[in-house]
Amino acid sequence: MTVTVYLEVHDPALPAEVTALPWERWFRTWMAMVEPTQGKVYELTLRLTTDAAIQALNQQYRDRDTPTDVLAFATRDGALPLPLGEPEYLGDIIISGDTARRQAAESGHTLSIEIAWLACHGLLHLLGWDHPDEAELARMLTQQAQCLEAVGLTPPAALQ
């Protein structure tokens, strides 16, 4: 399995320790856990942005005029099978660095862990996961915790 991550950094306040994380390796590990397939090629965009930018997207696409931590815009519809080896573009994950910094500080964990947690959450949404109720939210949070542990990160205790 191959996962190509197109990293877009639109938040100049993010430290290099976050932007230089091994995103492709992490997403490949997470995909193998959640949707194990041999020979598949995936692509996605991970955009790290500001509260102002994510608020504009949240207003435009969700009619919510407030910043949020993560948005996911899936492109997967499954209507047409792709030839083996052709990349499947999963969609875009947008994370607010501003909100991630606040949440990390409030919860007492690192910014890297917070952004990894949000990136994994976004990936699950790209793959069709949702949390319309408490049971599905618990299932999703459990999967996120397992994904972070698989790449050697300690999941945020307050979020599990």
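Glycine too: its Cβ is placed from the backbone N, Cα and C atoms.
Feature list (source: Swiss-Prot):
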| type | residues | note |
| --- | --- | --- |
| BINDING | His121, His125, His131 | Zn(2+) binding site |
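Surrounding the centroid of the Cβ atoms of His121, His125, His131, where the record places Zn(2+), the chain contributes additional residues within 8 Å, namely Val70, Ala72, Gly122, Leu124, Trp129, Asp130, Met140. Working note on the binding-site residues His121, His131: by count of other C-beta atoms within 10 Å of each C-beta, His121 ranks first. In sequence order, Ala72, Ala74, Ile93 constitute the residues six or more apart from His125 (Zn(2+) binding site) in its chain with CB-CB distances below 8 Å.
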